[in-house]
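Sequence annotations record features per position, and here TrEMBL assigns region 'Disordered' to 1-29, 524-557. Taken from TrEMBL, the feature transmembrane segment covers 83-101, 121-143, 150-168, 174-195, 216-236, 242-260, 302-320, 340-363, 370-389, 467-488. The feature domain 'Major facilitator superfamily (MFS) profile' is assigned by TrEMBL to 85-493. Per TrEMBL, the feature compositional bias 'Gly residues' maps to 532-549.
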Amino acid sequence: MASPDPEKAGSPGHGLGGMDHSHQYTENNGMNTIIDENGHEQPPHHGMSIGQYVKTRFTTLKPAMRPAPNPIRLLRMITGRQWAFFGVAFFAWTWDAFDFFTVSLTVEELAKDFGKTNTDITWGITLVLMLRSIGAISFGIAADRYGRKWPFVVNNLLFIVLELGTAFSQTYSQFLACRALFGIAMGGLYGNAAATALEDLPPAARGLMSGLLQQGYAFGYLLATAFARGLVNTTSHGWRPLFWFGACPPVLIIALRLLLPETEIYEQHASVRRTARANGHDKGGVSATFLREGKVAIKKHWLILIYLVLLMAGFNFMSHGSQDLYPTMLRSQYSFSANAVTVTQVVANLGAMSGGIIVGFASQIFGRRISIIVMCIIGGALLYPYTFISSKRLIAAAFFEQFAVQGAWGVIPIHLMELSPGAFRTFVVGTSYQLGNLVSSASSTIESTIGERFPLENGGGKVGYEYGKVICIFMGCVYVYTILLTFVGPEYLGRSFDVSEDEDVREVAGEEVVRGAVIASHMHGHGHGGDAEGSGSGSEGGEGVGGKAQGKEVEVA
């Protein structure tokens, strides 16, 4: 029996009524998605032996060739509520990047003010990278247990406090302390932003919006560059106005988030936990159900968790390896002026934003893995002009190289969400991203080690190393690593995020509890993509099983 196309009729395999479907299959992302005996969808690799899985790594790379929808039609599918969720998440992720780059863009000014070297100041950047994982773990667990809303608000409150703290720092130690704490806050945002922005969206729009969301980071860098030009060293306060300004927009972000309820998908999970408690299914309460979900997720998905960290290490190496030393190469090796460097960086970031949006959209048509691999191949082919052309023509290569790098990145938010356990989606997405970032913090050290073999000299002796050659060698290795890891990894294109399709939740709470919770959550919504109407409990929006279930949720104290 063929299930409906998930992009046309919601998610396949809805059927809490216990219909006997045996193990049937439906076409999904060019693979066979298993529909089990209860009518629930399973991942394409469900029940495979290692040998079978290895064989399918080749066959599943065949482009899915889903119909290419009109992007305007996709955007019109998104409701006002879903746009509000996406907008506040995108704005927060953009400003997260802005706050991070405030230090990168003022290193020399900070060093002069604190009486330190540039290297000393960059420790403020390193501490952020090192401590982001702590934030991802702590805020991720909080968002999956208590909801997306309040951890998001606390996160942005910390941005305000710590940007102001940095701005008013009088000593180097105070500066480092603020940046270390900022690393925890920054690490906590990504997973929550991705879940808030994407989990309620219509499946057909997820690829496009994933690419758009990810490019908030590049947009934040562009904004930081522009405001640094206008605010740094233009008053008697030197670098500090940039940080004062950086503390202001999160106030608006918090206000917007306070006006919005929880996401529909989180409410479904919360409803399951409340229903389990109300039915006496779990006498330990809501938290006990949440902990049981965690144990099941670790037991069943530990391998995918490790895989996602390794994958994100490759992606973060790709970003840092292609970007961190590039301005230095332009200045030191190819003698670009400050204005020429700025123009090149702006053009490269425009390429990045274009690539993320376009390839994110394309991944919905062709598949996640094939889109990433193709972008890595194109990026590798462009390495020579990106790193060896010394004239202004290099700007074109910079645009297309970053188009490829961030094109691959545009697939990542939704790819991570589709592969993550449903009850711990925020935690897994944020933690895998930040642990990968932690590993990639060694990229500068690795490039410096390679650079020792290729010293760059002028008449006065050594002035560094051949940055272009080093970037080319390093990025070549990173692209090969990322291609191989993406090739061997799984894919779950078009996965339903409904709690009724979450096998882990059904195992913990039971089929009857999940059915009751879905009915309860639908009392407050009109199915997938509908405008939710709250009832005073704060539980709004239930996108459930095919939009069929309707009922009333009983609040449990």
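Keep in mind that glycine also has a Cβ here, set from the backbone N, Cα and C atoms.
Model, not experiment: these values are computed from the prediction.
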Leading stretch by Cβ pairs under 8 Å, where the reference is the transmembrane segment (83-101) and the options are 121-143, 150-168, 216-236, 242-260, 302-320: 216-236
Task: Report the listed stretch (150-168, 174-195, 340-363) having the maximum count of Cβ pairs within less than 8 Å of the transmembrane segment (216-236).
output: 340-363
Query: Under an 8 Å Cβ to Cβ limit, what residues of the same chain, 6 or more beyond the ends of the transmembrane segment (174-195), are close to it?
result: 89-90, 92-93, 96, 99-100, 103, 110, 114, 123-125, 127-136, 138-140, 143, 148, 151-152, 155-156, 158-159, 162-163, 165-166, 213, 263, 265-266, 413, 416-417, 425-431, 433-434
Residue numbers, six or more beyond the limits of the transmembrane segment (340-363), whose CB comes under 8 Å of its CB atoms: 71, 74, 207-212, 214-215, 218-219, 221-222, 225, 323, 326-327, 330-331, 371-372, 375, 392, 394-395, 398-411, 414-415, 493
